[in-house]
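**Q** Take this structure first; my questions come after.
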Ligand code: RP5
């Protein structure tokens, strides 16, 4: 099936974080592709990927990176598709470096920045599905069902002491 979301990351080492975005896209039935694209190690690939993304049928790009995390911003500079940035939790600075690198974009080039780590990757998948869902009823319904089920799970067992 034609990928609608490009799920890219700066390194293979980002996958344990970024797989949570993939899990959410799987859950919500959104087709995606996964690639390692590094702003620093493969800059030409970054440009090619971002410039061709729209014509290849992608609708949203999720970009995760850690440390000097230039990937989301540089991708956003080369495509007008929505780019969602996930700060990967770095070892040295716990992801604060990643967060600040991604979130502090200059006005005029937008990156939607999510939380550091697993929650950010999960929500990047969810937000990508919500964007796709504005023009795809099946995906919008899957998002609505996911949210309703999440709510019901809390209501069904509100006692935190019960496992
Ligand atoms: C960034 O550098 C990557 O996104 C990764 O989070 C970090 C470390 O990469 P590796 O040295 O583990 O490949 O570009």
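For all residues, glycine too, the Cβ spot is worked out from N, Cα and C.
TrEMBL: automatically predicted annotations, no manual curation.
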**Q** Given that TrEMBL lists 11, 14 as binding substrate, which residue among 35, 41 does it place in the same site?
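**A** So, going by the record in TrEMBL, that would be 41.
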**Q** Near ligand 1, meaning Cβ under 6 Å from any of its atoms: which of the binding-site residues 11, 14, 41 fit that description?
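**A** 11, 14, by Cβ distance under 6 Å.
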**Q** Inside 8 A of the center formed by the CB atoms of 11, 14, 41, which other residues of the chain have their CB, for the recorded substrate site?
**A** 9, 10, 12, 13, 36, 38, 65, 66
**Q** On the 0 to 100 scale, where does the mean pLDDT of the domain 'PurE' (3-154) fall?
**A** 98
**Q** For a quick check of understanding: given the listed substrate-binding residues 11, 14, 41, what is the maximum Cα-Cα distance in angstrom, as an integer?
**A** 14
**Q** Enumerate same-chain residues with a sequence separation of six or more from residue 41 (substrate binding site) and a Cβ-Cβ distance below 8 A; give 'none' if the list is empty.
**A** 10
